[in-house]
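> Here you go, one structure.
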Amino acid sequence: MPTVISASMAPRTGASQVPRTMPQAAQGKGTEAGVGNPGGKYSAIISRNFPIIGVKEKTFEQLHKKCLEKKVLYLDPEFPPDETSLFYSQKFPIQFVWKRPPEICENPRFIIGGANRTDICQGDLGDCWFLAAIACLTLNKRLLFRVIPHDQSFTENYAGIFHFQFWRYGDWVDVVIDDCLPTYNNQLVFTKSNHRNEFWSALLEKAYAKLHGSYEALKGGNTTEAMEDFTGGVTEFFEIKDAPRDMYKIMKKAIERGSLMGCSIDDGTNMTYGTSPSGLKMGDLIARMVRNMDESRLRDSDLIPEGCSDDRPTRTIVPVQFETRMACGLVKGHAYSVTGLEEALFKGEKVKLVRLRNPWGQVEWNGSWSDSWKDWSFVDKDEKARLQHQVTEDGEFWMSYDDFIYHFTKLEICNLTADALESDKLQTWTVSVNEGRWVRGCSAGGCRNFPDTFWTNPQYRLKLLEEDDDPDDSEVICSFLVALMQKNRRKDRKLGANLFTIGFAIYEVPKEMHGNKQHLQKDFFLYNASKARSRTYINMREVSERFRLPPSEYVIVPSTYEPHQEGEFILRVFSEKRNLSEEVENTISVDRPVRKKKTKPIIFVSDRANSNKELGVDQESEEGQDKTSPDKQEKSPKPEPSNTDQESEEQQQFRNIFRQIAGDDMEICADELKNVLNRVVNKHKDLKTEGFTLESCRSMIALMDTDGSGRLNLQEFHHLWKKIKSWQKIFKHYDTDQSGTINSYEMRNAVNDAGFHLNNQLYDIITMRYADKYMNIDFDSFICCFVRLEGMFRAFNAFDKDGDGIIKLNVLEWLQLTMYA
């Protein structure tokens, strides 16, 4: 819940003292803090385990207002100014001092003269990919000020609190931070502006670091990640050596449309999230950072005289050189922003040009059309002005398109609306978003190379309903783009998480199965080839691909390359025309047994629980006690089945064992039930099991108990055994190696064979609840699961009087059903 931290409280270990009072304000001794609330796909489970504190997460406006009222500066409890917000892999050898901008310089400003790409200079962190995306973002003011909300400053209503907005897996989230920034020798350690007293880029980097858990989490990545987080767009990758002939036209249209573009040169290494782009480990990176800082200590003359304003350019610390600088000035393994495309006249011929920016704010291309190129004298003066040519070391430069495709290897384009790049017309695409999860042992089946489990992956039906409007194309074709994105892998790096290798396949659904939302089974994928698929499985946050297929119904199967890898994802489908994309979900139901003859049905406790509707939770009436206490109620005797010639040997065996254990009252408790069942089950040599546990037997009694006595008579026991026998057959069918266990991936089919039809979330929950660490389910757990399913379905149906699939319970009824199950 929100916490007020007293100004007299000591800072955390390793943290520098941070000012907490308003500038020139004598009143107010505190820092207002807020906490977030959890969420997730399994809301019923998560909500059950989250303390109900009665306080909602406070918004930026609420926190800002409270800080102003109390005259305190905001201090973020979720991202505190200490080493926990910096690095997680190891401790930094020197002490950073966290300072607010008014402590770093006089006259701090949030934005000076509008935010532009020259305001971004990389510091001592390997997040050039993120800064390259910021540079692209500054080219589109509408997008920029969605990420960076207006009306934030260090003068009017300053309270040490700022906020930024990012797209996060389908939603826009508002990230609130304080303005404490890590410094060394009174200089910002990480991203800084070209102006010493401008701080929007440093604060934006801090908000993005908070979103991912730490500054270290931003080390190494692809520009497309940040581009998508800034826009909610979808990214397409181009290997420049395999680029289409009209690549320049594609890039030109992307710039005109406001799309963001980044590019890079492969450094010959397999870059992963565990290392910096050249494979430099975090310890080596930190060591170089320390050397870098020591070599660039500020002289006394660099400090701002007291009372003087400072809008001088920042004295730049050269970034750690873990990328490889080439003789031409370009840097391998480094991310650049594409900030413009033009055609210029040179010696009577048109030359295609590309403008790029290095987020370091320095280190530029030194070939043709670079800032210091000797042949600029042959370029017309008006042409120079149009190209804004100036000889400055600001990290931005022109180069010819021919040189661009010769040196660069990758191009990333983030399309804001997924407009068709191949078309001269701008076309608005429709989009559908689906969230999903791979659960180990249930729905993490791996790629097509693993046919035994591939079919268990989440499946999404795609209905392409209308063909494209293209008069030049005679084919009846639907264009669409599929983008698969894995969630939270960067944030979970500190827990050892890395990006999975992911991809997807698309299959056409046979006409006879159109409209059928059933999960496609193993045999379908064994005998049907995919109609389309991602070009490769790759360890990137998102894999996207364009396709052209005829109108029909398809199923998309997203997967990791290897099975048993657990994680969350979102699947987005963009199409030129109307489409429908949804997860394949079975209707939750249970097959009701068909009665062969008229018999009086057994009435179970769960069927009669609604007779207690009039009772309150705190009532202790005799009626309530009689219904719940076996000591208060005498059980009416049940007629025993006659011992006829037709009675099987097994039934006679049961009767004899039951009589021996039950005694004169012919009723058994959970301990006695365990004894009976295990004596009978042990005679089945083909069923390898250690028998039933006491807890399983208690659940069985709760299922079959017809009067709330907590005991079973022979009739109830006989009915229970019939169910166990039918479930035993199913178990033996899937226990193909006769190990006494079944693979958890087979549980979906086993549950279905027993007449229970569940959706994907419930199959995931069953695996989490009943499978062991080897993803196996033993016989006892198997029966326990089926007993629970039978009981819960029966209880629900008893309360669902009108059959609309919705029930209403009071707290007593709810507790009766859940505690006695």
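Each Cβ is built from the backbone N, Cα and C atoms, and glycine gets one as well.
In case it's useful when we look at the structure, here is the feature table from Swiss-Prot:
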type	residues	note
ACT_SITE	C128	active site
ACT_SITE	H334	active site
ACT_SITE	N358	active site
BINDING	A662, D665, E667, E672	Ca(2+) 1 binding site
BINDING	D705, D707, S709, R711, E716	Ca(2+) 2 binding site
BINDING	D735, D737, S739, T741, E746	Ca(2+) 3 binding site
BINDING	D800, D802, D804, I806	Ca(2+) 4 binding site
COMPBIAS	624-638	compositional bias 'Basic and acidic residues'
DOMAIN	73-417	domain 'Calpain catalytic'
DOMAIN	649-683	domain 'EF-hand 1'
REGION	1-34	region 'Disordered'
REGION	418-586	region 'Domain III'
REGION	587-649	region 'Linker'
REGION	603-652	region 'Disordered'
REGION	650-821	region 'Domain IV'
> Between the recorded positions N358, S709, S739, T741, where is the Cβ count within 10 Å the lowest?
S739
> Given the binding-site residues D707, D737, D802, D804, and counting only Cβ atoms in the protein chains shown, which has the most within 10 Å of its Cβ?
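Of the binding-site residues D707, D737, D802, D804, the highest Cβ count within 10 Å belongs to D707.
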> Which of the binding-site residues D665, D735, D800, D802, I806 has its Cα closest in space to the Cα of H334 (active site)?
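Nearest in space to H334 (active site), counting only the binding-site residues, is D735.
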> If the Ca(2+) 4 site is taken as the center of the Cβ atoms of D800, D802, D804, I806, which further residues of that chain fall within 8 Å of it by their Cβ?
K801, G803, G805, I807
> Give the three-state DSSP assignment (helix, strand or coil) for E716 (Ca(2+) 2 binding site).
helix
> Could you please provide the mean pLDDT value for the domain 'EF-hand 1' (649-683)?
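Summing pLDDT over the domain 'EF-hand 1' (649-683) and dividing by its length gives 80.
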> What's the most sparsely packed of the recorded positions H334, R711, counting other C-beta atoms within 10 A?
R711
> Which entry in the list of recorded positions, C128, A662, I806, has its Cβ near the fewest other Cβ atoms, using 10 Å as the limit?
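Fewest other Cβ atoms within 10 Å, among the recorded positions C128, A662, I806, is found for I806.
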> If one measures from the C-alpha of A662 (Ca(2+) 1 binding site) to the C-alpha of S739 (Ca(2+) 3 binding site), what distance in angstrom results, rounded to a whole number?
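Cα-Cα, rounded: 33 Å.
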> Between E667 (Ca(2+) 1 binding site) and E716 (Ca(2+) 2 binding site), what is the CA-CA distance rounded to a whole number of Å?
10
> Quick one: pull the CA-CA distance for D705 (Ca(2+) 2 binding site) versus D802 (Ca(2+) 4 binding site), whole Å only.
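Cα-Cα, rounded: 25 Å.
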> Would you kindly give the Cα-Cα distance separating D665 (Ca(2+) 1 binding site) and E716 (Ca(2+) 2 binding site), rounded to the nearest Å?
14
> Given the binding-site residues D665, D705, E746, which one's Cβ is surrounded by the fewest other Cβ atoms within 10 Å?
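Checked D665, D705, E746; of these binding-site residues, fewest Cβ neighbours within 10 Å: D665.
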> Where the distance is taken from Cα to Cα, which of the binding-site residues D665, E672, S709 turns out closest to D737 (Ca(2+) 3 binding site)?
E672
